[in-house]
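What Swiss-Prot says about this protein:
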type: REGION; residues: 17-37; note: region 'Disordered'
type: COMPBIAS; residues: 23-33; note: compositional bias 'Basic residues'
type: REGION; residues: 58-106; note: region 'Disordered'
type: COMPBIAS; residues: 69-82; note: compositional bias 'Basic and acidic residues'
type: COMPBIAS; residues: 90-99; note: compositional bias 'Basic residues'
type: DNA_BIND; residues: 94-153; note: DNA-binding region
type: MOTIF; residues: 288-301; note: motif 'OAR'
type: MOTIF; residues: 294-298; note: motif 'Nuclear localization signal'
Amino acid sequence: MNSMKEPLHLDHLAGSRVAAASSHHHHHHHHQHQTVTLVSMASSLGQRSGECKSRLEVHTISDTSSPDTADKDKSHQTKNEDSSTDDPSKKKRQRRQRTHFTSQQLQELEATFQRNRYPDMSTREEIAVWTNLTEARVRVWFKNRRAKWRKRERNQQAELCKNGFGPQFNGLMQPYDDMYPSYSYNNWAAKGLTSASLSTKSFPFFNSMNVNPLSSQSMFSSPNSISSMSMSSGMVPSAVTGVPGSGLNSLNNLNNLSNPSLNTAVPTSACPYAPPTPPYVYRDTCNSSLASLRLKAKQHSSFGYATVQTPGSNLSACQYAVDRPV
């Protein structure tokens, strides 16, 4: 039985070895198949990547070789350069060159400007031909010259108004306080027409006229004083006849009617009315009553004394009214 078991055991071992070998061979064959598929896939991927690289290289070569792309690249580079540059460089590029004119060119341009300040296109072209300049330069020169001319005209007008017409207007447009310092307009009715306000200022019309005291008194007196004046003026011829060398035709003798020397020639009985009050004085009710009382007192007290020539006898009617007391 043991002998029978041993060969069976060997056969079994051989069979197991064959099966193992076959199984190992099968596994190895499968592994080889997997490696083949991987290698084939890698080779295919490598081919594809190579094709892509070749395609990219072809595209890049074709892009760089085209003129449009080259111009685009140049423009992009110039833009970057412009952006990198500073602002003063731009200003220097945009600034125009100043034109330096010769003396002959300036003489020709000035002579044309004196004749015509606004030349048209044809005239400017002719001037450009004469002066060897461009039409644009001639146009700019005329524009600047007109601006300078306008500025000079404005300055001259301002100087004329300041120097020529200034003193005249200042003399005519003085304030009222400087022109009439002796009285104010608010107290016009209270003060009246005093001769001080008239004598402080030069009025050639009134100073040249020899004003009649009777007419001036009739202008500025009340109705009561006018009636008394008419009666007293009626007595003037009889009073003047007693004075030797008196002339009624002259106005100076009429101015001397209010002097006390004429009143002494008239007797007391021949003058029943009060003598006229000083002329050219504005009278209200209070002033007229005070003046009449003072004159009555003088009439009774001063007739017996010798008369003294007053210094106000040679004055005019306006000044005489100020010197005599009221």
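A Cβ is built for glycine as well, from the same backbone N, Cα and C atoms used for every other residue.
Mean pLDDT for the motif 'OAR' (288-301) in this predicted model: 78. DSSP labels the residues of the DNA-binding region (94-153) in these numbers: 44 helix, 0 strand, 16 coil.
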